[in-house]
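The block underneath contains the structure these notes are about, expressed in structure tokens.
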Amino acid sequence: MKNTMGVDGVIGEDDGLRRRGCSCGKDDFLPEESFKSWGNYVQALKETPNRFMNRVLTRSLDSTELHEIKARSQHEMKKNLSWWDLIWFGIGAVIGSGIFVLTGLQAQQVSGPAVVLSFVVSGVSAMLSVFCYTEFAVEIPVAGGSFAYLRVELGDFIAYIAAGNILLEYVIGGAAVARSWTSYFATLCNHDSDDFVIIVHSMPDDYSKLDPIAVVVVCVICVLAVLSTKGSSRFNYIASIIHVIVILFIIIAGFTKADTKNYSTFAPFGVRGIFKSSAVLFFAYVGFDAVSTMAEETKNPARDIPIGLVGSMAITTAAYCLLSVVLCLMQPYPKIDKDAPFSVAFEAVGMSWAKYVVAAGALKGMTTVLLVGAVGQARYLTHIARTHMLPPWLAQIHPKTGTPINATIVMLIATAIIAFFTDLKILADLLSISTLFIFLLVALALIVRRYYVSGETSTTDRIILITCLILILGSSIATATYWGVSENNDWVAYVITMPIWFLATAGIAVFIPQARKPKVWGVPLVPWLPSLSIAINIFLLGSINGASFKRFGIWTCVLLLYYFFFGLHASYDTAKELGENRIGDGWKRVEEGQSVSTVTASGVSLDEAK
């Protein structure tokens, strides 16, 4: 069958990628040539090493993500969001169970009143990541978010590993918030949280409390998310306004009951406690990346995305710091309740009625977090499925609602299952690992984007860039590892690792000219800001417990198994069908920045490429 391509780069109707509505057949899940028969599949498995090298070395193009990949959903998402919507989506996505649940646990057992500094450290790391995300989202405004950005700069394989962790981040984050929803609902009903769960004593402790209310909440969110993005925005806007009013009430009423004596011992667990808390409390900032996935539905991405992302993160960080200060001023840190800290704190100072206001506000906040997370995770999954790394059935956009219904339902089913079984602490630690890992990859990709363009960057500059990046990563990992394994406050190792990081970053800034300037909006102080983001994210990873890394490793193994048996061959066949696998002059021209349609026009046909 002959492939045709129009001037806009959209594949014609007689191509190998058959156009489909919202159907559900074999070709909607495994339509690629490698899965047409058992013989084809066995042959594909034999070619795994060569196909893997092809995918590792393949980098996508901005134009490919913006046109060819997006066209595989067949129906456009509706562009109806403004910067005002994005700010409220950002606030709704971030301020939830992180501040209302984890603050009490960390203040009581890990950092004391210095938990405010933990929020500052996490907030700085999150803000650096926001800057990195913003430049990509402005220039590549598609639903794939960080998956699309990494595909363009670091290649298919790295993007796939990141994609798996993105999906894990959303499923676990949604499950954690859903379980917290049950706890605060119990408080609102004047019950203990265990009154609303089913305890199965034959199961391990971390999985023995079954939470049916969390499942019901996730199902309701699913219905809202599939109906309309603009409708979800309106609901989020109203709920977030109520949430902000409750937060202001907590801050103002809390300060009226403040006792400065509670701050007499500010950092009882030392500097190490502050950083350990910051690694876990990073969970409280998770969600802003969901806003970047809405770039495809934004009216003016160049203006709306920077305002929406940076604005919402600045508001969130200020709110977190004020709330943590109020909490520790109201009660001595050993007496702070680890499950419902604000409600119990108001009860302790004689304002028992206020705990119901706090519980209602927390429920509103967690509901909006779940909603924005549902909207964001479905768009990630949609774009990943467009590349056929996951079944293309998940990429279908419903023609009436303009929303990815299949992807939304699948992600929220997974969220509901995890929420039904798993304890919050396990979810929070594992979520932080996935999130920090993705954020450091995005920061790394931004440096590559600015300083490396195929066909323009000289061999010498490329070698210097690779060397400096290895030194930045190596010194950051060494710093985090030493911090994680050492029990004392010895600083000798940091005198070696931190100057290496500084010199490697300076090497990029001084010796390598920027190969690409941002077209509309760019991160300031490159490479310093993204390099600092890499270092902080890796450092925070060094503060997370070993058991969480084991779970992270198991998940990564599952990802690799799926990739080598299905995802690799599906994405390879799809790229081959589009002519992206050619390694001759045509592919070289693509790597130098021309679109596939331009290459075809210059004499390299897609049929020849196959």
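Here the Cβ of each residue, glycine as well, is placed from N, Cα and C on the backbone.
The domain 'Cationic amino acid transporter C-terminal' (521-571) scores a mean pLDDT of 87 in the predicted structure. Taken from TrEMBL, the feature domain 'Cationic amino acid transporter C-terminal' applies to 521-571.
For 114-136 (among others), the entry in TrEMBL reads transmembrane segment. Remote same-chain residues near the transmembrane segment (114-136) are listed as 103, 106-107, 145-146, 148-149, 266-269, 273-275, 277-279, 281-282, 284-285, 288-289, 292, 305-306, 309-310, 313-314, 316-317, 320-321, 324-325, 328, 436, 439, 442-443, 445-446, 449, 518, 521-524, 529-530, 532-533, 536-537, 540 (criterion: CB distance under 8 Å, separation of at least six residues from the stretch ends).
Only residues 6 or more beyond the boundaries of the transmembrane segment (157-178), in the same chain, are considered here, and those with a CB under 8 A from a CB of the stretch are 52, 55-56, 96-97, 145-148, 150-151, 211, 214-215, 217-218, 283, 286-287, 289-290, 366, 369-370, 373-374, 376-377, 380-381, 384, 389, 411-412, 414-416, 418-419, 422, 424, 427-428, 430-431, 434-435, 437-438, 441, 555-556, 559, 563, 567, 571. Residues annotated as transmembrane segment in TrEMBL: 157-178 (among others).
For 210-228 (among others), the entry in TrEMBL reads transmembrane segment. Within the chain carrying the transmembrane segment (210-228), a Cβ under 8 angstroms from the stretch's Cβ atoms is held by residues 174-175, 178-179, 181-182, 185, 196-200, 235, 367, 370-371, 374-375, 378, 398, 401-403, 405, 408-409, 412, 415-416, 419-421, all 6 or more beyond its ends.
Annotation source TrEMBL lists transmembrane segment at 275-295 (among others).
If you look up TrEMBL, you'll see 307-333 (among others) marked as transmembrane segment. Beyond the ends of the transmembrane segment (307-333), by six or more residues, the same chain brings 83, 85-91, 93-95, 99, 103-104, 107-108, 112-113, 115-116, 119-120, 123, 126-127, 130-131, 133-134, 137, 247, 250-251, 254-255, 257-260, 262-263, 265, 268, 284-285, 288, 291-292, 341-342, 344-346, 348-349 to within a C-beta distance below 8 angstroms of the stretch.
What TrEMBL records for 353-381 (among others) is transmembrane segment. Nonlocal intrachain contacts for the transmembrane segment (353-381), taken as residues 6+ away from its ends with a CB within less than 8 angstroms of a stretch CB, comprise 77, 89, 91-97, 100, 143-145, 147, 163, 166-167, 170-171, 173-174, 177-178, 180-181, 184-185, 187-188, 217-218, 221-222, 224-225, 229, 232, 235-236, 239-240, 242-243, 245-247, 249-250, 253, 287, 289-291, 293-294, 296, 340, 342-344, 346-347, 390, 394, 403-404, 407-408, 410-412.
Sequence annotations record features per position, and here TrEMBL assigns transmembrane segment to 402-421 (among others).
TrEMBL lists 433-452 (among others) with the feature transmembrane segment.
For the transmembrane segment (464-485), the residues of the chain that approach it from at least six positions outside its boundaries are 275, 444, 447-448, 451-452, 457, 493-494, 496-498, 500-501, 503-505, 507-508, 511-512, 531, 534-535, 538-543, judged by C-beta separation under 8 angstroms. Annotation source TrEMBL lists transmembrane segment at 464-485 (among others).
Outside the transmembrane segment (491-513), and at least 6 residues removed from its termini, the chain residues within Cβ reach (under 8 Å) are 447, 451, 461, 464-465, 467-469, 471-472, 474-476, 478-479, 482, 527-528, 531, 535. As annotated by TrEMBL, transmembrane segment applies to 491-513 (among others).
Marked as transmembrane segment by TrEMBL: 525-546 (among others).
The transmembrane segment feature in TrEMBL is assigned to 552-572 (among others).
Between the transmembrane segment (525-546) and the stretches 275-295, 402-421, 433-452, 552-572, Cβ pairs under 8 Å are most numerous for 433-452. With DSSP classes pooled into helix, strand and coil, the tally for the domain 'Cationic amino acid transporter C-terminal' (521-571) is 40 helix, 0 strand, 11 coil. Taking Cβ pairs closer than 8 Å, the transmembrane segment (433-452) reaches residues 125, 128-129, 132-133, 135-136, 146, 149-150, 152-154, 158, 162, 165-166, 168-169, 172, 279, 282-283, 286, 289, 461-462, 465, 469, 473, 508, 512-516, 523, 526-527, 530-531, 533-534, 537-538, 540-541, 544, 548-549, 552 in its own chain, all 6 or more past its ends.
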